[in-house]
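What follows is a single structure, written as structure tokens, with notes after it.
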Amino acid sequence: MSDDDSRASTSSSSSSSSNQQTEKETNTPKKKESKVSMSKNSKLLSTSAKRIQKELADITLDPPPNCSAGPKGDNIYEWRSTILGPPGSVYEGGVFFLDITFTPEYPFKPPKVTFRTRIYHCNINSQGVICLDILKDNWSPALTISKVLLSICSLLTDCNPADPLVGSIATQYMTNRAEHDRMARQWTKRYAT
């Protein structure tokens, strides 16, 4: 290698290393910030993933009556649940599918639970959104997905017309119970069997 080549190589490597050093210096604060937020997110993911894994083991060993639930695929945060219409209710004989989505903040924030099967119910709208206090303001980290599913089953047995999501169905429930029950059975037969 000639002296000129050697100088050019040294000069380019020193300018390259000074450019890298300048880039490192300007990027250092950003890396620290992202490490802090990544660390916080990792802890949340770790906490929520551990909790969800434990609940999956529990619900697999001891599922609530007439219910099942578990991950849709490899994503522990996306579950599918099945609820059988409670015996003696207008939903008896129906098989209802629900989606359960956990956030990284779980169990400190409630899971999002929605019906995928259409249902005629004053506390469940046409998008499958459920009006249930424990899925909103009355959520507690002490609650589990098994308890949530039991509460939903209870809602299928005894709706809450005092806090409706679908006002017309709640009014019908209170003023013309026979017609309400007929419609609920009809929808169950049409959409859930």
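Positions of Cβ are set from backbone N, Cα and C atoms, glycine also.
According to Swiss-Prot, the region 'Disordered' annotation covers 1-45. Feature annotation from Swiss-Prot assigns N-acetylserine to Ser2; the stated evidence is a large-scale study or a structure entry. Positions annotated as compositional bias 'Low complexity' by Swiss-Prot: 8-18. The feature compositional bias 'Basic and acidic residues' is assigned by Swiss-Prot to 22-35. What Swiss-Prot records for 36-45 is compositional bias 'Polar residues'. If you look up Swiss-Prot, you'll see 47-193 marked as domain 'UBC core', on the strength of sequence analysis. Residues or ranges marked as active site, glycyl thioester intermediate by Swiss-Prot: Cys131. Under the heading ISG15 cross-link, Swiss-Prot lists Lys136.
Taking every protein chain shown into account, Cys131, Lys136 are the recorded positions, and of these the Cβ with the most other Cβ atoms within 10 Å belongs to Cys131. For the recorded site, Lys136 (ISG15 cross-link), the DSSP three-state label reads coil.
Across the domain 'UBC core' (47-193), DSSP helix (H, G, I), strand (E, B) and coil residues number 55 helix, 27 strand, 65 coil.
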